[in-house]
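Per TrEMBL, the features are as follows:
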| type | residues | note |
| --- | --- | --- |
| BINDING | Thr117, Asp191, Glu216, Lys246, Asp250 | substrate binding site |
| BINDING | Gly282, Glu283, Val284, Gly285, Lys286, Gly287, Glu303, Asn406 | NAD(+) binding site |
| COMPBIAS | 26-45 | compositional bias 'Low complexity' |
| DOMAIN | 251-412 | domain 'S-adenosyl-L-homocysteine hydrolase NAD binding' |
Amino acid sequence: MRQIQFADDMQEFTKFPTKTGRRSLSRSISQSSTDSYSSAASYTDSSDDEVSPREKQQTNSKGSSNFCVKNIKQAEFGRREIEIAEQDMSALISLRKRAQGEKPLAGAKIVGCTHITAQTAVLIETLCALGAQCRWSACNIYSTQNEVAAALAEAGVAVFAWKGESEDDFWWCIDRCVNMDGWQANMILDDGGDLTHWVYKKYPNVFKKIRGIVEESVTGVHRLYQLSKAGKLCVPAMNVNDSVTKQKFDNLYCCRESILDGLKRTTDVMFGGKQVVVCGYGEVGKGCCAALKALGAIVYITEIDPICALQACMDGFRVVKLNEVIRQVDVVITCTGNKNVVTREHLDRMKNSCIVCNMGHSNTEIDVTSLRTPELTWERVRSQVDHVIWPDGKRVVLLAEGRLLNLSCSTVPTFVLSITATTQALALIELYNAPEGRYKQDVYLLPKKMDEYVASLHLPSFDAHLTELTDDQAKYLGLNKNGPFKPNYYRY
C-alpha cells in the first residue's frame, strides 16, 4: 500500500429453487421489493407489485425516461427523506457550498454503484452540484429505498435500482449505467467491487478514459489489491475503506447502532441473557459487540488474528471456535469479509430458532447456497426474514438471505454516513484533478491531512472547540500547527 500525496470473482446472486409441493418465494420477494426501510410500502401502488420496473414505461416531470426505478410517483416522498438526511449531513452540505462555485468536478462523468439511500442521495446530488454527471446503480439488491431512487430520477440523475432486484436485474442495472451511447464514464465510485468487475469483464476499453476508482468496502478493496498484485489494475484507485474516518466511524459507530436496529425490526428479539457469537472482531465486530453487551447479551468472539483476539479478551469477551458454541448460541453474526464462515455443517448443528445474519458487505460469509436443497423448506415470514425448516421441524431464522443486515433490513445513522460520504467526495475530487503522473496504476491510501479535514468539518455539529498548539509546542513535537497531527503509522 502507498500513502498518497494530497494536494494542500463476481459476487454471486442466487435465486430460490421452486419445487412442486414446496412454497416458492418468488411471490414473497416480489412483495418485499415494494417495501422500503420505513413506510415506503404505503407509497407503492400494490397493483404494480407483479410488474418489473424493467417492463414499465416511466418518465419524470421533465419528460426524461433515462432511469429505471420502482415507481417515479414516489419522488415527492423521497425528496422529503433526502431533505431530512441533509439536516444531519451538514459537513457534506458545507463542502457543497464551499466548492460549488469552483465546480471541481466539471467534466467528470461518474458511474457509481453504492447503496441507494437518502444519505447516498445527498452525496450524489453534491457531486452533481460540483459539476459532475452521474449514473447510478445499487450495490445490494435489498438496500435501495425506492422513494429515494424515484426522487433522484425526478431530479435528473440516471438511476437504475429498486428494492428486491433479481440477479439478472442487478447486473442489468449496472450494465445500463456503464453502457450508454454518447456517454463515457471517466470516474468510478464503487462499493463492493461489482461495478469495477463488470467494467473489466464487459467493457475493458472504458478504462482508457477512467481517471480513477474510489472504493469504500473491505470486499472491493480486497479485489483491487488482487488486481494490483496480478498487474491488471490499469488505473489509480483510492482505498477509502482503510481511511481513519471510514474505519473508526462508519465501521465502528455505525454498526454499533445499526446492528440492534436491524435485528429488532426483523425479529423483535430481546437480547438480555441471549448467547450471541460474533465472527470477527475488527471495527464492525467491535461495534456490534459493544451494542450487544450493553443490552445484557452473553457475547462470544471468533477470530483468526491474535491481535484482534487479544483485544476481544481485554474487552471482556470469550474468544472461541465457532464449533465450540454453535449448538448453544441464540444468534450468529458474521462480519469478517471472508467466505464460508458459517457453513452447512454449522447450520445443521444450530438449535431451533437460532438467528443467523451478516454484517459484512458481501453475501459470501454464510453458505446460503447450501440451504437451497430439496430436503429443506423455506418460509418467508416477513420482509427479509426467512425460516429455513429442517425435516425434523427445526427452524433457523435467516435474515436478508445472508446479505448486509443493517442496510437490507433497517437504516444506518445519517451523521456517520456524512463522514464517509465527505471522504468519498474529496477522494473523487483529488483523483479527478490530479496532474498526470501523480498517481500510478496502484491502490493508494488516503492521507492523514484529508482524514483530519473531514473530521474537522463535522466538529461544529457538536459545538466542539479544538485546542491550538503554540509555536513552541509545535516545534517540540515536530508538527505543523495545522496538521497532520499523527504519523502515518499511528493507530487510532
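Easy rule for this one: first residue shown is 1, then count along the chain.
Even glycines carry a Cβ here, placed using N, Cα and C.
Each residue contributes its Cα atom, and for Lys246 (substrate binding site) and Gly282 (NAD(+) binding site) these two points are 13 Å apart. Of all Cβ atoms in the shown protein chains, 27 besides its own fall within 10 Å of the Cβ of Asn406 (NAD(+) binding site).
Distances between the Cα of Gly287 (NAD(+) binding site) and those of the binding-site residues Asp191, Glu216, Asp250 are shortest for Asp250. Of all the binding-site residues listed here (Thr117, Asp191, Glu216, Asp250), Asp250 has the Cα closest to the Cα of Lys286 (NAD(+) binding site). The Cβ of Gly282 (NAD(+) binding site) lies under 8 Å from the Cβ of Asn251, Cys308, Cys335, Thr336, Gly337, each on the same chain and at least six residues away in sequence.
Separation of the C-alpha atoms of Asp191 (substrate binding site) and Gly285 (NAD(+) binding site): 19 Å, rounded to the nearest whole number. Taking every pair among Thr117, Asp191, Glu216, Lys246, Asp250, the residues listed as contacting substrate, the largest Cα to Cα separation comes to 18 Å. All chains included, 26 other C-beta atoms sit within 10 angstroms of the C-beta of Asp191 (substrate binding site).
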